[in-house]
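Undergrad: Here's the feature list from TrEMBL:
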ACT_SITE  HIS69  active site, nucleophile
ACT_SITE  ASP341  active site, proton donor
DISULFID  CYS58-CYS394  disulfide bond
DISULFID  CYS258-CYS271  disulfide bond
DISULFID  CYS450-CYS458  disulfide bond
SIGNAL    1-26  signal peptide
Amino acid sequence: MHSKAFRRNLLSSFVVLLVGASSVTAEQFDPLHHSGPASPYFVAPPLAGVPSTVPDGCVVDQAAWFLRHGSRYPEPGSFTGWENLFAKFQNASYTARGPLSFIPFWTLPIDDEPHQPLFLSSTGAGEAFALGVKLRKRYGFTKGGENITVWTAWQQRVVDTATYFTRGYLSAGNYLTTPSLNRGTLIVLPDSTTNTTFADSLTPSSSCPAYGIFSGNGSSTSDSFRSTFRQGIADRLNRFLDGLVLDTTDIGVMQDLCGFGFEVSGDHRFCDIFTENEWLDYEYAHDLNYYYGSGPGNPLSATVGFPWLKAVTDLFEVGPGNTVKNGTLVPPPLIMGFTHDNNIPPLISALGLWNSSQASPLPITHRPPLPAREFRSSHLVSFPGNVAIERMSCVIGGPTSEQAMDKGVFHQANVLGGTVVNVNTTGTRKEEEVFIRVLANEAVIPIPSCRSGPGSSCSLDEFVGYVNGERKDVAGGFVERCGLEGVVDVEVGDEVRFLTVVGDGEEMLVGLN
């Protein structure tokens, strides 16, 4: 009896081990992490080899996040492609085998067309809410009952993302009967056009005519690369069909339906029919689109990204709880700016990051191996892709956390804190210094010329000099380089003012009930 029970338990353990091993294998390559702008949110891997945890002895005292809206339903034009694919599957008589055996049963994941395409999905709402919870815990900037202000572009999916983020951030406790506490304010900024907000916007590329001259290079280069691999995929998949022929347009829609289908309805089936190399080609086509359309391959990219970088740098220089000279608004220590995907890569360009891609432009005719390139659309413009800049106050020369764990910490009664036991700090000079680090989708991206600080960070003084020197020279003036001289004065058109000026944008109170 005991022997049978032992064998059953051993068999159960063996099955669990097999399932666990299978799960690990499946996690080694996830198409949803290679779907570019169709990827639901995930934390990017530490490609620079630097952990994203805050270094020993450091505390983040100010942070600025520039991020895309959360996962959404397809745009109306893309949805038309979905409808055409569905009609093709339903209006023919055919036999589908193997990985395509599900397509006769596949239905459109849109069931309320007037209210879904282009708008935020429930996945997007969940991503934004979860990020609010995460950043409240990550930074500890906000005490119970305190309010928060965030900035957002005006389109509904962006406003909704900012709203759900704020609700997540303020979800601790119950303040329904105290309307002055624990409330969020959105400052909604109009999207730029050539004759309105110029650089003072969360969508500045729209008001830079010269940027628009080059932005179309993104779609042309990506389409050129897609022509090198889509037909091969169609030929492979058509071997599983009798009476139906897939073309290159169908392949594009079907690959899009992996990310979008999964985040809209949880349907993973389109993710499973393509090979790893086919997914890497799909991702690289998106890399080309963003690199040449809005990233380092667009010569005006740094120009439209620099005003936000300059505004944040000025605020980090004066530190939390302060504003710039002539400022009328003190922003919170957590600065959140919600926008669209094409506005994220210009900030990378303005920062001068992923320089190997800039020095050697991404090839159009073939996909280089991943170590040879740094620019990855899936790690930057996924839903809700982001670039974060953190200001860290660090004690240099103090005991490390490893020493505290090894030696122990002595606590004096009624005195908060403690001292590491038997660690001789005599003669050790402890100083508090300020450093800056940059993250994309929460993975640290060191600044190549300035990474000697804790966790490959850059000292504040060096960062300020870097931004106001080299990066300013590369970006140039927004008005001049965008061809807006005579349209707007430089003092008005070159700067982001909404972070430090009261009344710039329309305020909207976020309700919690």
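Here the Cβ of each residue, glycine as well, is placed from N, Cα and C on the backbone.
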Undergrad: Say you check the Cα of CYS58 (disulfide bond) against those of the recorded positions ASP341, CYS450, CYS458; which is nearest?
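TA: Nearest in space to CYS58 (disulfide bond), counting only the recorded positions, is CYS458.
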Undergrad: Let me spell it out: for each of the disulfide-bonded residues (CYS394, CYS450), count the other Cβ atoms within 10 Å of that residue's Cβ, using every protein chain shown. Which one has the most?
TA: CYS394
Undergrad: What are the sequence-distant neighbours of CYS458 (disulfide bond), meaning same chain, six or more residues apart, C-beta distance under 8 angstroms?
TA: PHE435, ILE436, ARG437, PRO446, ILE447, CYS450, ARG451, SER452, TYR466
Undergrad: Cα distance, CYS394 (disulfide bond) to ASP341 (active site, proton donor), nearest Å?
TA: 33
Undergrad: For the C-alpha pair, I'd like the distance in angstrom between CYS271 (disulfide bond) and CYS394 (disulfide bond), rounded off.
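TA: Cα to Cα, CYS271 (disulfide bond) and CYS394 (disulfide bond) are separated by 44 Å.
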Undergrad: Using Cα coordinates, what distance in whole Å links the residue listed as 'active site, nucleophile' and CYS258 (disulfide bond)?
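TA: Their Cα atoms are separated by 19 Å.
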Undergrad: Hey, how far is CYS258 (disulfide bond) from CYS394 (disulfide bond), Cα to Cα, in Å?
TA: 43
Undergrad: Within 10 Å of the Cβ of CYS58 (disulfide bond), how many other Cβ atoms are there?
TA: 23
Undergrad: Select the most exposed residue of CYS258, CYS271, where exposure means the fewest other Cβ atoms within 10 Å, treating these as the disulfide-bonded residues.
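TA: Comparing Cβ neighbour counts within 10 Å for the disulfide-bonded residues CYS258, CYS271 gives CYS271.
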